[in-house]
């Protein structure tokens, strides 16, 4: 049996030292469980293109490199595909304007705990000893210089006025920390009996909303210092259609149903103390459009070119939807790929395995409901800096 008391209390630990999608290339890794994110990203490429059209092009004789950043890049191939798309689109704009394209630089940024090694192994080789035009025309090669930048995007990461374009997808719903009041048993916001805020009390969800808005304010403040005049940002995060923050939409179904029930199973079986369960909270908040807009407006540095709720679809990729066991495995793997690192830090590897085994079993028993109802909505924001 795993230890009940010796593991890390995730709520009390700085998340940036710990939080990451599951690294490597195993069955439960993010690299092998991010196909749905890839499909959602592809469905939004037309919105990304619109944002890229708003970026100012430097037409000077010797322009500096065009610099793009993916914030919250994680460790799968999706970030590489997005950067490739950005570089090629901007290059086409230079060509259409009759301007020689500059060199391109891309920064992949995530928390220090991110598996950058797996990410860098996915990068195609850089075309060398040739001109930029030939680089951009080469298939299967990279036409931009790269670097990894570890650190929280809720703080400054780059020198002032050095970035042309920021991209961040499926990351801003992750909070910098679980609000302290949520894990304080003396607080009215204490999230007793739950590991997520879906269906929680008003004071609990208010604490999460305040944390999200404070984090987003810090994010915008940092980017406003780093982006060049005429630069832009394309941001995507989990969102919700309900005005009620206790209804967290797809995130609520992912973390507030079978995942929650699996924790309760461990408590009933005496494997985890109720207090230990209550000390674990998923640091995710799916905002409404109004939640998001209030922060952008208050910051005042960015013009909102587009701000919409976009239906992304299911986070699961299932080849045989009639196979309940495959649906259950996909659900459990999806949960584990994004939350497994936190769970294991909180209760240890052995109990973590037991937890996700129960998640899989419960999702298998409700496979049809999972396929029909587990749908994600995203907040999509196109912002420009002038």
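Residue 1 is the first one shown; counting continues down the chain.
Including glycine, each Cβ sits where the backbone N, Cα and C put it.
According to Swiss-Prot, the features are:
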BINDING   30, 72, 73, 78, 108, 109, 110, 111, 152, 153, 154, 169, 170, 171  S-adenosyl-L-methionine binding site
BINDING   30, 33, 34, 35, 36, 37, 170, 171, 172, 173, 174, 334  substrate binding site
BINDING   191, 195, 277, 278, 280, 281  Mg(2+) binding site
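This view paints the features noted in Swiss-Prot onto the structure.
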residue: 73; record: S-adenosyl-L-methionine binding site; DSSP class: coil
residue: 110; record: S-adenosyl-L-methionine binding site; DSSP class: strand
residue: 152; record: S-adenosyl-L-methionine binding site; DSSP class: coil
residue: 170; record: S-adenosyl-L-methionine binding site; DSSP class: coil
residue: 191; record: Mg(2+) binding site; DSSP class: coil
residue: 278; record: Mg(2+) binding site; DSSP class: helix
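Calculated from their C-alpha atoms, the gap between residue 110 (S-adenosyl-L-methionine binding site) and residue 278 (Mg(2+) binding site) amounts to 28 Å.
Cα of residue 73 (S-adenosyl-L-methionine binding site) to Cα of residue 280 (Mg(2+) binding site): a span of 25 Å. For the binding-site residues 110, 278, the largest tally of other C-beta atoms within 10 A is found at 110. Comparing local CB density within 10 A for the binding-site residues 154, 280, the maximum falls on 280. Ranking the binding-site residues 191, 277, 278, 280 by the distance of their Cα atoms from the Cα of residue 170 (S-adenosyl-L-methionine binding site) places 280 first.
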